[in-house]
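J.: Before I ask anything, let me first share the structure, which is written out below as structure tokens.
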Amino acid sequence: MIELFNNLFFDHTLRTVALGAGALGIVSGALGSFAVLRRQSLLGDAISHAALPGIALAFLLTGNKSALVLLSGAAIAGAIATWLVTNIAGLTRVKYDSALGIILSVFFGFGLVLLTYIQKQPNANQAGLEKYLFGQAAAIVEKDVLIMAGLGLVALFLLFLFWKEFKLLSFDRDFGTTMGYPMALIDFVLTTLLVLAIVIGLQTVGVVLMSAMLIAPAVAARQWTDNLAIMVLLAAFFGALAGVSGTVASSTISRMPAGPAIVVAVSFLVVLSILFAPRRGVIWQRGRDYLLRQRFRALGGKKDV
Amino acid sequence: MFSPQVEIMLIASVVAVACAIVGVFLVLRSMAMMSDAISHSVLLGIVLAFFLTRDLASPALIIGAAVMGLITVFLVEMLHQTRLVYEDAAIGIVFPLLFSIAVILISRHAANIHLDTDAVLLGELAFAPFDRFIYQGVDLGPKALYIMGAILMVNIFFITIFFKELKIVTFDPQLAAVLGISPVVVHYALMSLVSITAVGAFDAVGSILVVALMIAPPATAYLLTDRLHIMIGLSALLGVASALGGYAMAHYLDASIAGSMATVAGLIFAIAFLFAPGRGLLSVAKRRVEQRWNFALVTLAIHLWHREKLSPVVGNAYAIQELRQHLRWSSTYFTSVMERALKQGLIAKRDQYVQLTEEGRNLAREGQGF
């Protein structure tokens with residue numbers, strides 16, 4: 001145990017990776033809270049898949065493999081995907097879930113076409129598909145952490161700045177419209193921040209598991225409180241906790257991939273919260289039902305009511 | 001049997017049809033993302049079944065995967081039923097967890113066997129013809145074709161036999177329950193089909209593109225028809241079109257077959273999204289424009305009609321200038337509305353005065369609900 005903490009603080013690689021995963025956990029936990037409350041949990045899944053063609057096109061057009069170029073491509077593709085999902089669901093009778101499924105899989109398929117096309121080019125220094133699919137927490141270097149932390153800070157600052165507006169958007173959009181707020185613009189800003197969080201996370205946990213990083217900390221946090229600010233802070237804390245413990249697990253246990261370890265950790269937090277959270281949790285509810293039944297019987301109520 | 005190219009196209013078409021016909025019910029029941037969840041979590045079923053049998057060719061793998069698909073559905077519903085988690089959030093928690101467990105198991109225990117996670121995610125149709133079904137030394141064709149053919153038969157069989165039940169449960173679950181058809185049983189039966197189809201299909205096209213084949217063709221068909229059986233047939237046709245078009249595209253670009261199939265399926269959907277008669281974007285936009293003009297014409301007619309009723313003598317000759325001021329429309333808008341009204345014979349114009357025609361009066365009455 002002591003050795004573990006020693007490593008966490010003094011082992012350079014582990015510290016870098018843990019910092020990166022922790023930063024990702026904070027950002028995705030905080031922004032994921034809004035996605036969950038707005039019932040857009042699976043939008044994150046669609047955005048992370050839709051980023052693939054953006055990455056591939058960014059590489060094809062610039063020939064540059066630096067993180068910032070690829071991330072910009074990913075962010076643009078993610079934003080286009082979100083816009084398409086909203087419009088397909090809003091303008092035709094195709095429902096939201098179908099729109100998500102189509103955009104997710106078609107964008108991903110198109111990305112796959114682009115990638116296989118790139119790989120057949122003679123001078124291809126291949127953009128690692130494997131890395132994008134599953135993430136490569138272990139390959140994170142200091143520069144990546146700096147980029148992640150920088151983007152994350154921007155996202156959190158904007159979240160702080162537009163706190164009231166985002167809250168309004170999440171709970172009573174129509175009221176916001178009547179108050180004269182530009183709700184469409186606020187929606188756009190919040191979704192852009194979500195895209196940013198996802199793009200940051202792709203490198204670490206990969207496309208398949210990114211949706212869990214957005215949803216799970218928020219769902220866990222939701223069980224403990226009815227206050228948005230506390231929920232967002234808790235979700236950020238849970239995300240960071242899962243990120244750090246997942247990376248520690250992957251460094252101490254042999255052949256334990258970091259991304260999946262983080263997801264298992266965060267899912268564990270969800271189960272704990274759902275079972276044990278005060279007032280909302282399953283056990284609490286059961287106990288309250290039991291006590292109520294007892295009191296009812298003590299007052300002379302029939303047993304099988 | 002045939003050349004590898006023909007075999008690939010055949011397998012792709014069978015996969016596409018099998019996916020499309022179960023996908024119809026996912027799209028109609030707003031459960032499209034369940035296909036995403038199931039197609040990922042079946043990996044855990046395959047891994048667990050492999051640990052039990054130690055044989056990658058064992059049919060137990062398909063059964064294990066199908067069971068895991070059902071467990072996914074069950075877990076999602078269990079989470080949702082605590083009323084602590086929205087359904088979409090429940091889906092987004094369950095499948096990444098099951099998938100993560102599968103990835104961890106593979107990398108810890110099965111790193112030296114051929115159970116690639118990216119092969120599961122992406123599939124490789126081009127290799128399908130190499131794995132052949134050989135019986136007593138006779139080459140009977142690629143195995144994938146037989147497996148997918150069998151799955152397709154099961155799907156067709158189930159949907160034909162239980163067509164009525166599926167229809168009622170999909171469109172009116174309450175009525176179904178009253179009639180004694182259990183929505184739960186039908187739901188889980190359908191989810192079993194989705195799981196089996198996902199397992200069979202992802203061997204060929206990978207788990208993410210299973211979603212494309214299950215959702216895109218039915219959603220396209222949904223934009224084109226209101227009849228369930230036509231929607232099923234159309235989805236199957238569009239699925240085959242995506243498969244063959246995708247193969248051609250992959251051949252031309254020398255790129256991933258599965259990816260190309262998904263791309264073509266998306267392009268077909270985009271065409272329907274834009275141009276579908278009555279429901280496409282163009283029709284919707286056109287209808288909205290027409291409604292806007294119609295509203296203006298009705299407003300104009302009602303306004304003139306009231307004027308007529310108020311002062312029968314003066315009202316018959318309403319100065320255009322005055323009318324424009326009363327309606328408070330911008331002058332360009334006013335001019336174009338007037339032109340339309342004139343062209344449709346709703347008003348008559350004399351010098352600087354306008355007057356409702358009998359047709360215009362009818363429109364005003366209709367517009368007011370008389």
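Glycine is treated like the rest: Cβ placed from N, Cα and C.
Those TrEMBL annotations? Automatic predictions, nothing curated.
Residues annotated as transmembrane segment in TrEMBL: B:6-28, B:37-54, B:60-79, B:91-111, B:144-163, B:175-198, B:204-224, B:231-250, B:256-278.
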J.: Are there 3 or more C-beta pairs under 8 Å linking the transmembrane segment (B:91-111) with the transmembrane segment (B:6-28), counting only pairs at least 6 apart in sequence?
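T.: By the criterion, they do not touch.
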J.: Could you check whether the transmembrane segment (B:256-278) packs against the transmembrane segment (B:144-163) - three or more CB pairs closer than 8 Å, residues at least 6 apart in sequence?
T.: no
J.: Can you tell me which recorded stretch out of B:37-54, B:91-111, B:144-163 has the most Cβ pairs within less than 8 Å of the transmembrane segment (B:204-224)?
T.: B:37-54
